[in-house]
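**Q** Below: one structure in structure tokens.
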Amino acid sequence: MGAVNDFDEKVGIEHVEQVHTAVGTQALDDLDTIEQTQSGKYAWLVSITAAIGGMLFGYDTGHELSSNEKELITSITSGAAFFGAIFAGTTADRYGRKIAIYVGCVLFIVGAILQAAAFSLAQMTVGRLVVGFGVGSAAMIVPMYIAEVSPAKYRGRMIGLDNMSITGGQLVSYGVGAAFAHVTGGWRYMVGGGALPAILLCCLLPFCPESPRQLVYHGKYEEAKDVIRKIFPLGTELQVEQKVRHITIHVEEAKNMVAGKSQWWVFKQLYVVPANFRALVAACGLMAISQLGGFNSLMYYSSTLFALVGFSNPVAVGTIIAGTNFFFTWVNLMLVDRIGRRRILLCTMQFMGLFLVIAAVAFHWIPVNHDLSLKEGTKVGGPAIVVLVSMVCYVAFYSSGMGNTAWLSSEFYPMEVRAMGTMMLTMTCWGSNVIVASTFLTQMENTTPSGAFGFYAAICILGWVAVYFCYPEVKGMTLEDIREIFNHGFGVKYARQLQKQAKLEGKTARNGSFGEKASL
């Protein structure tokens, strides 16, 4: 069997070499000049439409839960989302990206109806399970789909639209919850309303194309050209042809690697190929830090937390947190393609740790019983105000940093393992989510609030160190070019060199253009 596998690999290498030879002396990068032209509104409209899928995740995680449901129901939804991500990851290459989005929408609609019509905890639990499957599927496939239809220079912002929908969904959920708080059976309207963004996405998705890379993967070259023409309306016909050729070379390479192989074999390539494994560690490591660093504890249990420190209207305070989250996600959206992913992370993560430490110290001065109730006669004082301000500042740095950036990491994976890699990224999100949702209140009781927030602060600070050594900058690079980064260790220095080189080439090109105009 080993000899057969060696033979297959040799044949694969020879085929790839033939494909590259067919390009002739022209460098691969010269086939991608269309990326330097101005993209049109089409790519933004497609990305905005797909990003509605983020509202499924956001609206669901923004729900307030009653005390007897909190850890159980929250962790059930996250656990189901974990398996929903597996479904999307294993079908995304075979059936395309859009099918998985449709399935996620249908599951969410069914789950929302089951919850709204529930008259027992068992039916509510089933509804939450179905919603979880839908959320996991959408959360996995939407960022990858947007990454594949986006121009390289706007990819961070376009994927960020998905996160804007997530945080917007959370904010809307708090608002809807407040509106129906005193309405008899109002919770039914709240959970049933979650079906609306899924219905809207189902209606708009037929107007969105399959990603050009998937069209080329399935031999639909003319359709791929049509999509590229719409994404880059100022590109020439030659540039369109070259872009399809550029994608085809890399797609053929990816297809040849996995031809005749099982999905299990493809999955193993994430671990046995060193470059893939380093991409996996960088992507999933940041995602785990983003989930285990305390943010989702705050989103799931904000009302519980602020009631604990003595605020009489914790839902209103929780809405402030959700609003801060939404606004600073927009800040990240505006900066991520200009400043870069890595620099944003290195400028925000240490401050997350700092404000968590401040909150941990402030909790020391708040008299809390072991069962997380306040001691009698306690009023909102200075320490409680410090906790609130610290949490708002923490959320601001989280949302403007890794809250959005962690989802961009699907761009790290080469095409042959991109679906599986993004599946692992999403599974890391929901697996960490289960841990947080099912242990937060217990951790608060056993280690005190100060201990819990001190633990989260340590994760954020250690995460900053990990990002410094293991997270490369890939802003402005095409998905095909990024695959080379992790062939050079974690690629931090190599990516920096490429960024400097691209900057110099850009200046040279602009100066040359200016010189030509001046001579005229």
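In case you wondered, yes, glycine gets a Cβ from its N, Cα and C as well.
If you look up TrEMBL, you'll see 1-475 marked as domain 'Major facilitator superfamily (MFS) profile'. As annotated by TrEMBL, transmembrane segment applies to 42-60, 72-92, 99-122, 128-147, 159-181, 187-208, 270-293, 305-332, 344-368, 380-398, 419-441, 453-471.
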**Q** Would you say the transmembrane segment (159-181) and the transmembrane segment (72-92) are touching, if the rule is that at least three C-beta pairs must lie under 8 angstroms and be 6 or more residues apart?
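**A** Stretch pair does not touch.
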**Q** Sort out the residues at least 6 away from either end of the transmembrane segment (453-471), same chain, that have Cβ-Cβ distances under 8 Å to it, and list them.
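**A** For the transmembrane segment (453-471), the list is 278, 281-282, 285-286, 289, 292-294, 297, 341-342, 345-346, 349-350, 352-354, 356-357, 359-360, 363, 402, 443, 447, 490, 492.
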**Q** Summarise the model's confidence over the domain 'Major facilitator superfamily (MFS) profile' (1-475) as a mean pLDDT value.
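**A** Summarising the domain 'Major facilitator superfamily (MFS) profile' (1-475) by its mean pLDDT gives 81.
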**Q** Is it true that the transmembrane segment (270-293) and the transmembrane segment (419-441) have 3 or more Cβ pairs under 8 Å, skipping pairs fewer than 6 apart in sequence?
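**A** Answer yes, regions in contact.
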